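A.B. asks: Here's the feature list from TrEMBL:
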type     : residues : note
DOMAIN   : 26-260   : domain 'Threonine/serine exporter-like N-terminal'
TRANSMEM : 129-147  : transmembrane segment
TRANSMEM : 153-171  : transmembrane segment
TRANSMEM : 178-196  : transmembrane segment
TRANSMEM : 208-228  : transmembrane segment
TRANSMEM : 240-262  : transmembrane segment
TRANSMEM : 282-300  : transmembrane segment
TRANSMEM : 307-324  : transmembrane segment
TRANSMEM : 330-348  : transmembrane segment
TRANSMEM : 360-383  : transmembrane segment
TRANSMEM : 389-417  : transmembrane segment
Amino acid sequence: MNFTVEGATGDPSGPEAKSVVIRESLLSVGAALIASGRSVYETEDEVRRLGAAYGAPGTRVSATPTGLLVSVGSNRSVGFEAAGPGLRFDQADAVARIVRDGLRGTLLPEAAIRKVQTAREAPSRVPQWLGYAALLPIAAGISLIVQPGWPNLLAALAGAVVSGGLMKLASKSALIQTLLPVLAAFAVSSLTFLAADHGLLEGPLRTLLAPLAVLLPGALLVTGMSELAAGAMVAGAARLTFGIVQLLLLALGIVAGAKLAFRGSTAGVGQFSDVQLHELGWWAPWLGLLLVGAGVYYNVSAPTGALPWIWLLLLVAFGGQMLGQAWSGAAAGGLIGAVFAAVGAAVIQRIPAGPPQIVVFLPAFWLLVPGSLGLLSTTALATDAESGFGAAISAVGVVTCIALGVLVGSGVGRALIRTFDRRWPRNTKTPSGC
């Protein structure tokens, strides 16, 4: 193999030049993995494995939520790469395939750098208007799951229109982007509580969660908890802090919207109670799953062909969650649902036609909605400290169980993949970029 390094001195095919190329490749891939939403311990593991596949088994890596440090070779020189902006699902899919090809030995380091850059610059395959329109089926689906009722469904759709409009404005203004959680929560809660105050719907608190779901930091909270459990204290604490701040901003917007809707009176305090309706039939949550899957598919620009797999894993995760809740409450539901989702995503990735693990796992991850429970608890704490504190403690327990489920499921999934690879080895091709 021939490696060249721009600006390198001496033999461009020598060990030092090769180490530089490998390091730059690992930095590029690792930063893209972080931007895809991967936890730091998963990113570090992938980078080390990729380094070993490239002939650098002693690779040293330290990742944070915003970037990573990599050192390759005996000279101890260290490189840093910032994660950059978050990636869409189609971009995350491309990055995961780059890692997969590198581990198989079919993609050289120089080619990996070019492919990562191409993936980052790739335009979305979904038109912008369709991405915003996809908020409608997401809101409708979540409403059918958490608050199944016709008036609540209509209110969720109206709230999704408001949220989508604010998100569109936020894409053009840094100030609005910063204030988006407060503004969206204020606008949606004002309309929802006004409708409840006029007797148009019941259970407004759960109703307004549906259009705000895309802003909930559920993934941040659970990823942070899993990082803490795995020993990545700095990254875990940072994600948890950021996620909690997002929850507080959303809760502030909801409380402010309620104050406007009820004009400072105490008549609407009862509207903050966690009332769940069951006006529709058994079919409502299952239809909701299909709508959520379709909406997420277009909203995050998932890769072509991933929708059936997203639906499948949503059903698996939801089934596991329902099984756990029937057995021992919400915490057990989160634990079992997370295990099912993580293992299922690993198995789907191993199937020849299956998309990478992260593409199908994150929608199922969001379905567990730890952020929704946390928002309910935070809002309750803001309006009724005594009952809200108990709800907040319960939310911490649920988030912890989901994080534990992710850790257990990921470990089981990796063990299954290793077993499959030993029994049914994958075919490899000549490395590209030679």
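Each residue, glycine too, has its Cβ placed from N, Cα and C.
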A.B. asks: Examine the transmembrane segment (240-262) against the transmembrane segment (129-147) and state whether at least 3 Cβ pairs sit under 8 A, considering only residue pairs 6 or more apart.
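C.D. replies: The answer is no, given that the two segments have fewer than 3 Cβ pairs within the 8 Å cut-off.
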A.B. asks: The transmembrane segment (178-196) and the transmembrane segment (282-300): do they have three or more Cβ pairs under 8 Å, with pairs 6 or more apart in sequence?
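C.D. replies: When sequence-distant Cβ pairs are counted, the transmembrane segment (178-196) does not touch the transmembrane segment (282-300), since fewer than 3 lie under 8 Å.
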A.B. asks: Mind checking which residues of the chain, 6+ beyond the ends of the transmembrane segment (307-324), have their Cβ under 8 Å from one of its Cβ atoms?
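C.D. replies: Counting only partners 6 or more residues beyond its ends, the transmembrane segment (307-324) has Cβ contacts under 8 Å with 285, 289-290, 292-294, 296-297, 332-341, 344-345, 348, 354-355, 359-361, 363-365, 367-368.
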A.B. asks: Between 0 and 100, where does the mean pLDDT of the domain 'Threonine/serine exporter-like N-terminal' (26-260) sit?
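C.D. replies: Value for the domain 'Threonine/serine exporter-like N-terminal' (26-260), mean pLDDT as a whole number: 89.
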A.B. asks: Using a Cβ distance cut-off of under 8 Å, indicate which of 153-171, 178-196, 208-228 has the most pairs with the transmembrane segment (129-147).
C.D. replies: 153-171
A.B. asks: So which residues does the transmembrane segment (153-171) touch in its own chain, when a touch means Cβ under 8 Å and the partner is 6 or more beyond its ends?
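C.D. replies: Residues 132-133, 135-136, 138-140, 142-144, 147, 177, 180, 183-184, 187-188, 191-192, 195, 200-201, 204, 207-208, 210-212, 214-215.
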A.B. asks: Hey, which bits of the same chain come close to the transmembrane segment (208-228), Cβ under 8 Å, at least six residues off its ends?
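C.D. replies: Residues 37, 39-41, 135, 138-140, 142-143, 146-147, 152, 155-160, 162-163, 167, 180-181, 184-185, 188-189, 192-193, 235-240, 242-244, 246-247, 250, 254, 299, 338, 362, 365-366, 368-372, 374-376, 399-400, 402-404, 406-407.
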